[in-house]
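The structure under discussion appears below in the form of structure tokens.
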Amino acid sequence: MSKSKSSESVKVVVRCRPMNEKERAAKYESVVSVDVKLGQIIVRNPRESSGNELPKIFTFDAVYGWNSKQLEMYDETFRPLVESVLLGFNGTIFAYGQTGTGKTYTMEGVRNDPEKRGVIPNSFEHIFTHISRSQNQQYLVRASYLEIYQEEIRDLLSKDQSRRLELRERPDTGVYVKDLSSFVTKSVREIEHVMNVGNQNRSVGATNMNEHSSRSHAIFVITVECSELGVDGENHIRVGKLNLVDLAGSERQTKTGAQGERLKEATKINLSLSALGNVISALVDGRSSHIPYRDSKLTRLLQDSLGGNARTVMVANIGPASYNVEETLTTLRYSNRAKNIKNKPRINEDPKDALLREFQEEIARLKAQLQKRSGKKKRRRLRRRAGEGSDDEGLESGETEDDEEDGDDKGDYWREQQEKLEKERKAILDDHSLVAEEKARLLKEKEKKMEDLRKEREAGEKLAAKVKAMESKLLVGGKNIVDHTNEQQRMLEQKRQEIAEQKRREREMQQQMESRDEETLELKETYTSLQQEVDIKTKKLKKLFSKLQSVKAEIQDLQEAHINERQEMEQIQNELTRDLKLKHLIIENFIPLEEKNKIVNRAFFDEEPEEWKMKPITRIEDDHQMMSRPRSAVGYWRPLSHHARVAMMLKPDMRYKAENIIMLDMDIPARTTKEYQEPVIAPKLAAALEDALRDEDEIEVDASSFHSSLGQMLPASASGSLKKPKSGRPRTGKKSSTPTSSYSPSSPGSPLYPQSRGLVPK
Ligand code: ADP
Ligand code: MG
């Protein structure tokens, strides 16, 4: 499976971004110089300009300066990787570096500017162009997009953004994200859409996009499956998976002096990155047999990309300004180590979980179904043509023969059948010899047949549409291969690739020469005189001495970095220990020993989701008995204190009710109406009325004084003249509808009152 000869190193390239506006305005020095030819990054120490500290030199597979072009970088570094993904290898591209150094710029770039598009969009173009030019191959491309933030995995393409996904492992296919959605894409436009949706979700979930993106890892996954007829006459499927990873900012989150909760949060954020560092160290070390992949989600998910079955390119992004020099050096050291990781990539042929195979099988199944349908029809038709009862074998062969013309035939067949049925129906209608009942029955029968025919047809059409939809997802190329411009473009690309390859080889040679120079210096030299020997050896000594110095400085730097890291870790450890002590204190003082032991016995570590869980409480582990109830709970649902029990008995207070909190007494509804009460008449008015009712001749009531105080309550008869109280009923009929008639006689200037219907006497 993995022979040593097929192993290859992780490719590491460094890209230094230009100074930004702010840095230029603040007049920061640039301390980074880039030697593209030699593939070297040279970092000066800004503090010691006197020159006694030598610049630090790092060599990489390729380096890119501030004026590097996206496309140039793609052709040189990423194209070969994506190309191998198309052949069925796994590939991974990491962007590593401090926040603001151009990771996202390298991976995504500027969306609307074709010159500044990053690796991800360029790879879309590359993949689909490759497919369109392929021949006799079938492709299926799908994309997923996920994010790891504070050790939680979020699917950026799912509708429910609050859901967190879990990692799972299968012995045959390795680690995968459970329930991660993936979309089959048929064109550049479609896959771009997928990316945009994911990016939108990424920023929606974040309160502060900048901070969020600097603390989360985004992974865009493209899976390319390709099916091709092998030499053995069988279809073989190759599956290549491309991981495009925009890592969180590599700056230490603890630098800002975070403490307590914030510190812990910071460690969680850094966990994946430091785990990545540890994995790299362990891989490079060669001595450690244990690689701590399981320490973080990121390293677990990308296990294959680090020392496994994948081709990997790491882009280290750095900034040139002097104030970033520490981070820059850390980044360079980190990626310098990664150079030594050995991967063992291989082509993934015929994996079990290839979606393409599933698609092909499903299409074949549907097609068979469709054929069976049309076969049935044809058989029926043929039978009809040949007359009932002809031999079946002959028909079978006939069926297979005209299989191909099936498509065109179908429409005719349906029409034919329909017309025939229609005709028969008419014939029945016209046939006067039939009894009406019989006629109705026959008609019904025919109608049912027509309905059946329609249904069958619909089902067939549906099936055909499904087959078509599935087939459309499988991409086949070879159409525009003859296209002239396409051909030219291809040539151009090839040339570009050749140039890139040339450059790469030149660089490699230069690097080799450089290193060989030193080794062979000694061998070549023969000395003519003692003095010359002294001179040359002094020169050499000087050279070696300076080398020694730089190595020493490097060692010192590393030690310092190491000490810093250790101090940080110790600080975190102290925090955690303090936390642990507090928890212990609580447990010791507030939880009975017995209970504690029970919980300790029940707790176990579940490997799969990697968390502690509790065994169910009902059984004691060894003897399979029911657990005895605690004494405080005998007879109750749950343990109760003595006080609560007493209180429960004394008063029916809900607070102490542990069970039966439903009250079962009948609930008499409260009354919402009132008894009828007679209207109360104001005493003054009552007196006046009484007076008025006594005898009409005797009294003269001047009611004008009530006007203001009684207002509308006053009946018209009372306000006007109480001279005709014969019936006791005020005259509110037609007559009194004109207010003037009642008021004017006694008080012509009085205000108009609305006419009330008056009081109803008993
Ligand atoms: P990161 O993702 O590492 O935090 P970004 O990719 O967001 O950093 O880059 C920060 C800024 O620097 C952006 O405005 C980007 O356009 C600019 N930038 C980064 N690299 C380059 C480059 N090589 N050329 C031009 N501008 C760059
Ligand atoms: Mg970014």
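We count from 1, first residue shown onward.
Cβ coordinates are placed from backbone N, Cα and C, and glycine is handled just like the others.
Annotation source TrEMBL lists domain 'Kinesin motor' at 9-341.
Residue density at G97 (ATP binding site): 30 other Cβ atoms are found within 10 A of its Cβ, drawing on all protein chains shown. Residues annotated as ATP binding site in TrEMBL: G97, Q98, T99, G100, T101, G102, K103, T104.
Taken from TrEMBL, the feature region 'Disordered' applies to 370-411 (among others).
Positions annotated as compositional bias 'Basic residues' by TrEMBL: 373-384 (among others).
Positions annotated as compositional bias 'Acidic residues' by TrEMBL: 389-409.
The region 'Disordered' annotation in TrEMBL covers 500-520 (among others). According to DSSP, the region 'Disordered' (500-520) comprises 21 helix, 0 strand, 0 coil.
For the compositional bias 'Basic and acidic residues' (500-509), the residues of the chain that approach it from at least six positions outside its boundaries are 37-39, 61-62, 72, 75-76, 79, judged by C-beta separation under 8 angstroms. Annotation source TrEMBL lists compositional bias 'Basic and acidic residues' at 500-509.
TrEMBL lists 704-762 (among others) with the feature region 'Disordered'.
Sequence annotations record features per position, and here TrEMBL assigns compositional bias 'Basic residues' to 723-734 (among others).
The compositional bias 'Low complexity' feature in TrEMBL is assigned to 736-756.
Filtering Q98, T101, G102, T104 by Cβ distance to ligand 1 (under 6 A) retains the following binding-site residues: T101, G102, T104. In terms of local Cβ density within 10 Å, T101 ranks first among the binding-site residues T99, G100, T101, G102, T104.
Screening the binding-site residues Q98, T101, K103, T104 for a C-beta under 6 A from any atom of ligand 2 leaves K103, T104.
A simple way to gauge crowding: the CB of Q98 (ATP binding site) has 22 other CB atoms within 10 angstroms, across all the protein chains here. Other than the site residues G97, Q98, T99, G100, T101, G102, K103, T104, same-chain residues with C-beta atoms no more than 8 angstroms from the centre of those residues' C-beta atoms, the ATP site, are R17, A95, Y105, G249, N317, G319.
Annotation for K103 (ATP binding site): same-chain Cβ neighbours under 8 Å, separated by at least 6 residues, are A95, Y96, G97, D246, L247, G249, V315, N317.
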